[in-house]
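First up is the structure itself, then whatever we jot down about it.
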Amino acid sequence: MRYFYDTEFIEDGHTIELISIGVVAEDGREYYAVSTEFDPERAGSWVRTHVLPKLPPPASQLWRSRQQIRLDLEEFLRIDGTDSIELWAWVGAYDHVALCQLWGPMTALPPTVPRFTRELRQLWEDRGCPRMPPRPRDVHDALVDARDQLRRFRLITSTDDAGRGAAR
């Protein structure tokens with residue numbers, strides 16, 4: 001199963017602190033959560049302007065501990081299932097680190113969770129940079145961005161048998 005995801009985070013060149021994560025499965029399921037453990041005081045001006053205002057109110061049940069987000073993702077990704085898990089993100093290096101850190105060190109990742117994220121931006125370039133529709137108006141909301149990544153994947157791979165050859 002392919003999973004398209006995005007994270008919002010605070011980074012200072014030394015650490016990456018998860019703010020929120022959105023994941024969209026190819027079968028239409030969606031997951032979104034905001035970490036109760038990030039420190040908004042550490043956010044730079046860009047994150048304060050473009051990310052924090054888009055978060056749900058702190059009383060929302062979408063705000064969850066990192067431990068609960070990890071448990072939710074284990075269920076959402078069906079880590080005990082038989083389908084292989086493919087993670088996809090647009091320029092996903094920091095997203096992958098933010099995701100993996102939910103389990104602690106990378107060695108603590110469940111065996112079925114990939115140690116890498118497939119790069120949607122690279123796939124787009126490899127396919128000749130096909131024209132994409134404009135980004136949604138509410139970008140930098142992790143779930144909105146994850147939905148947009150699935151849409152982009154489908155557009156990029158629409159000529160190769162419904163995307164089955166995307167990872168070649």
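Here the Cβ of each residue, glycine as well, is placed from N, Cα and C on the backbone.
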Check each of the ranges 6-9, 58-61, 66-69, 114-117 against Swiss-Prot and return the one annotated as region 'RNA binding'. 6-9
Same-chain residues at least 6 beyond the ends of the region 'RNA binding' (6-9) with a Cβ under 8 Å from one of its Cβ atoms are 16-22, 38, 47, 51, 89-90, 94-95, 98-99, 140-143, 145-146, 149
Mean predicted confidence [pLDDT] for the region 'RNA binding' (6-9): 99
Just give the helix, strand and coil counts over the region 'RNA binding' (6-9), going by DSSP. 0 helix, 4 strand, 0 coil
If you count Cβ atoms within 10 Å of the Cβ of ASP6 (Mg(2+) binding site), leaving out that atom itself, what do you get? 27
